[in-house]
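Just below is one structure, and these are the notes that go with it.
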Amino acid sequence: MYLEKLRSQNPLTICITNDVVKNFTANGLLALGASPAMSEYPEDLEDLLPYTKGLLINTGTLTNETWELYKSALDIAEKYGVPTVLDPVAAGAGAYRKKVTLDLLHHHTISLVRGNAGEIAALIGESIETKGVDSAQIDNVGELALRANQQLGIPVVITGKKDAVAVNHQVRILENGSELMPLVTGTGCLLGAVLAAFIHLADEDHYWIVWKSPIGLFDRWRNGRAENLTTRNLPD
């Protein structure tokens, strides 16, 4: 139902994302039925954001210059009431990334945060083993998502072998993930953009089903993609 709604609206979705995944993200959103834009200049954002249904801030390509861009984009989005998704790439990998992410969370309006377990744990002062953008799997992902939702005060999505969605002090688990996903770069980054495309459809009465729809759909797609690009094509 929500996929049909999205496709009928063809929502403009602005993605300020990392250099590695821009083409992958744009094509993924086009396949979904959204209209992607990779705008990276404040004056351009001022023109586009009034017509935008969702904004993604992905901190993968992090510099002092992109940090200023994130802040400008969030300020403009808040002015026009555009909901925002934050993907705090490798927030637990070092002090600089954590500082930038916490600055965005504490001084700007973020509608939803999506990350792996290590990234989300870092945002609430907890520690999970990480290596760059990759995070160790944990058994209690739902409990972590719930703690993050309670501390940050916004919906939290943790993705991995098990996905957890925490909203309004409640949590749901989706077991659609795959251990193969880390073998294909950019799948989590694309999901952040997918959530940004869907976010305008979410309201208090339908929050759970809205997020279950894109996450479940995306998990089924990327499971097949990961398997096709890894296991099936490996030589004997």
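Here, residue 1 is simply the first one shown, and the rest follow in order.
Here the Cβ of each residue, glycine as well, is placed from N, Cα and C on the backbone.
Remember, predicted model here, so these are calculated numbers, not experimental data.
According to Swiss-Prot, the features are:
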- M38, G186: substrate binding site (BINDING)
- R114, T159: ATP binding site (BINDING)
At the level of the C-alpha atoms, what whole-angstrom distance separates G186 (substrate binding site) and R114 (ATP binding site)?
13
Using all protein chains in view, find how many other C-beta atoms are within 10 Å of the C-beta of G186 (substrate binding site).
19
Taking DSSP as the reference, which of helix, strand or coil describes G186 (substrate binding site)?
coil
T159 (ATP binding site) to M38 (substrate binding site): how many Å between their Cα atoms?
23
Rounded Cα-Cα span from R114 (ATP binding site) to M38 (substrate binding site), Å:
19
